[in-house]
Amino acid sequence: MGEIEGSYRVLQTPGTRLGAQFNAGISTLEPGQSLMVSGSRSHGRGLQIRVQGLDDSQEFFDIDPKAFGQSLLTEVFHRGNLMESDYFGLEFQNMQMNWVWLEPTKPIAKQVRRPANTLFRLSVKFFPPDPGQLQEEYTRYLFSLQMKRDLMEGRLICTENTGALLASHLVQSEIGDYDDVADRDFLRINKLLPYQEKVQERIMELHRRHLGQTPAESDFQILEIARKLEMYGVRFHPAADREGTKINLAVAHMGLQVFQGNTKINTFNWSKIRKLSFKRKRFLIKLHPEVHGPHQDTLEFMMASRDQCKIFWKICVEYHSFFRLFDQPQPKSKAILFTRGSSFRYRYMAFKSAGGSRALPSTHFKMLCLAHWVDSLNSSHPFPPTHTVILLYLLVHLTNKNFHFRFLSCTDSVVDSPQLSPFTSKGPLCLSPSFQMSTLSLPGQAPSPLQSPILSEVGSTARLEEEEEGRRKRYPTDKAYFIAKEILTTERTYLKDLEVITVWFRSAVIKENAMPEGLMTLLFSNIDPIYEFHRGFLKELDQRLALWEGRSNAHVKGDYQRIGDVMLKNMCALKEFTSYLQKHDEVLTELEKASKRLKKLETVYKEFELQKVCYLPLNTFLLKPIQRLMHYKLILERLCKHYSPIHRDHDDCKEALKEVAEIATQLQSSLIRLENFQKLTELQRDLIGIENLTAPGREFIREGCLYKLTKKGLQQRMFFLFSDMLLYTSKGVTATNQFKVHGQLPLHGMIVEESENEWSVPHCFTIYSAQRTIVVAASSKVEMGKWIEDLNMAIDMSKKSQEKSSIFLDAGLGDRSSDEVSLEQESEDDMNSSRTSLDKQTHHRANTTMHVCWHRNTSVSMSDHSLAVENQLSGYLLRKFKNSNGWQKLWVVFTNFCLFFYKTHQDDFPLASLPLLGYTVSTPEESDSIHKEYVFKLQFKSHVYFFRAESEYTFERWMEVIKSAASTTGRMSLLIPKGGPMEINGN
């Protein structure tokens, strides 16, 4: 092979193509062999079962006629040397010609009418969010074969260009580097796409670009492309909604999905689902009350038959158990005479018990069934805990040598990473004299309703304490050091934010050729120089802190234990970039115009915002350079206040403050305009039923949840207050995360009055406008006060404005002076009126402020937004759940009223987020039993988290910034007066 290395001309069998050795755990096959070891049909007395592999080869298995499904699965996995077998299953077509999964716990003969005449097919059953993280190269190869099968069967729906790209990687994986004749021969013999002839030249053109790519690399590329497709791992189950509209239901790792045609119109995350059930042909999803309110907590879908309903219900339960379950179900005694309902109930009970749990990868049924069996034995014949452990250990290793896990005592805490597969070894079985195993349940606190699954490894508590003690002895304790460290940690986050634009977004638009050359030049010629400057600045900060801490030069003292000289040098240099920063207004405006005008750019823009790396609305990142100036100013003010005038670092800090304050003053008014424009564009994307929200002169003031009085009673509505109008919207059960506008009231002539006594509704006030009168109630007296104050301020502003408030007449709703009741009836279930808009919309992040306000029943003003911008913070914290003992070290970023959690500061995207609106922050109480320094407690209803800082200064800073987000008190208006400040004062 030496003369053709890197050019795989000979068709390779799966084993040899992976370079498998004899003892590598991967089958090394001779030419002509399939994925299975045996190519011949067995001739025993048992049942002959035919199984088709993912490479389409067929094998026969000799199985006992009374064998359970697990026997066949075990035999197939063993013969195929499949190590990560839990992701796979065998499927077959039932009498209705629907593909169903072979159940391991039932006899084959009871599931299949004629097993000998039935073709079983090895398939991927559970699709993880990132299959590239699978441990075994062979498993990734099988997943790529599944993608190949799905492409050919029309399940993995994608654009022709994406299909051609996937096919080109499949060709590279099979025959190696591009060769015109070999490519044409391979594509003539093998059909990869339903429309292959149409795109064959494109496949070959793309294949030419993969020169030198190994088969394993090709598999990885196939999985990377496929996992980002909306139809990745989707298996449709036809149904209809209450109105009879035909839809398709599907289940994925994150929850249930609803499709209309091939377009996903809704996702119900596991954390939102309280219960799944079916009654005859009706499939029922019961949601937690906070998701859709107490009166709309059950969704109903009609399927073709009870059998189809049950099939879908089963796969939902299995998916939930695989990706979410970590509680051990309690064993139930068997009924003596009669049983009722599904035999699947054991797993279903497990599903219900873990409905609100943290999302953790599960070792699922194998471990649970073993634990269930041992517990049953133990209940009737008790034996020592250590013996229980040994027995389980032996059972696991007898059933699967590659299935390793570590038992913990009931006081331990475990949190796994969502990026790790269930097969990641956490080390050998721990057996110690002090070990006690009373349960396999892992204690933990359920997440907040909007929290993404958090997932980092928990280290040993003792080890973390030793590390922290070592840090305190080794590192400086001066407050100035921790202020300087805040500059460093926030600079790291800031540089990562710039990379979202300079690296990730640039790559996305170049790949699709979606942005005009002029706009590319305008955008990147402004942001690239700023990014390069801050790269150098971060390096200087890191070096200085290393010297200060003694990491680089322990004997150096004095001159290096300061930061003012570094700040002064770089703040002076930053003045040269003022012209670039002044162009950000133009950049933001032109990007918004172009994304509306150019369909391709709009698509790339929306798809990019759905990527993990874009954890905030995209245009928010364009404001970061100007906002960063304000951060420098605030931090330098803190340093100057800390230092005495005679301190050697004081003068440099004061001069640096003077330099940055000068630039900040020049850009202050520009920042206010940009923040307002950014907020309006964000709302434009999230609101259905209003156009031209970014009209000149319009300013955002407040958004939040109020309850509107209707003939049906109080109905939850989302209100948006602008400088010229008040909008109210609802979030229907229809399908996207957007809000539908139901009414808009001009501020001109509006009057607001408290009316608690009149309506006997707490925190109630009435809004009188030219169009109609509405009665609303706030969640608290404080909330009511905020709304009335901002409404009256905005009404006064509109009176004094020289411009006529006529923009709202053209904004998209027209005259809505019709009867209020008909409007409210329409708002409940009307899908048809907005179906066109819904079809065009994509799913938006659930932790944008409007969604958090909706779930937490609160409001946020523009002044709150600006205060949150000033209080951005990042750094390492230790985190602990309420019912766990382990502390987890996480890189935490606070921005946009939200905590984002990373494993390290080098990560490109957050693992999880925690919106803070509605949370209270305090120090732990005696009952919390937290006996550590610098710990603060976050609580919202029953959700409790503890965080531990490294010093008194960082503890106070985290408390300060979180208080600013959790209970906003800012009241200063950031509206830009039309006639200057003199007009506002009435002169």
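Note that Cβ sites are derived from N, Cα and C of the backbone, with glycine treated the same way.
As given in TrEMBL:
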type	residues	note
COILED	581-611	coiled coil
COMPBIAS	821-831	compositional bias 'Acidic residues'
DOMAIN	47-327	domain 'FERM'
DOMAIN	479-670	domain 'DH'
DOMAIN	699-796	domain 'PH'
DOMAIN	870-967	domain 'PH'
REGION	817-842	region 'Disordered'
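The listed stretches are 47-327, 479-670, 870-967; of these, 47-327 has the most Cβ pairs under 8 Å to the domain 'PH' (699-796). Mean model confidence of the domain 'PH' (870-967) amounts to 89 (pLDDT, 0 to 100 scale). According to DSSP, the secondary structure content of the domain 'PH' (699-796) in residues is 20 helix, 49 strand, 29 coil. Taken residue by residue, the domain 'PH' (870-967) breaks down under DSSP into 19 helix, 41 strand, 38 coil.
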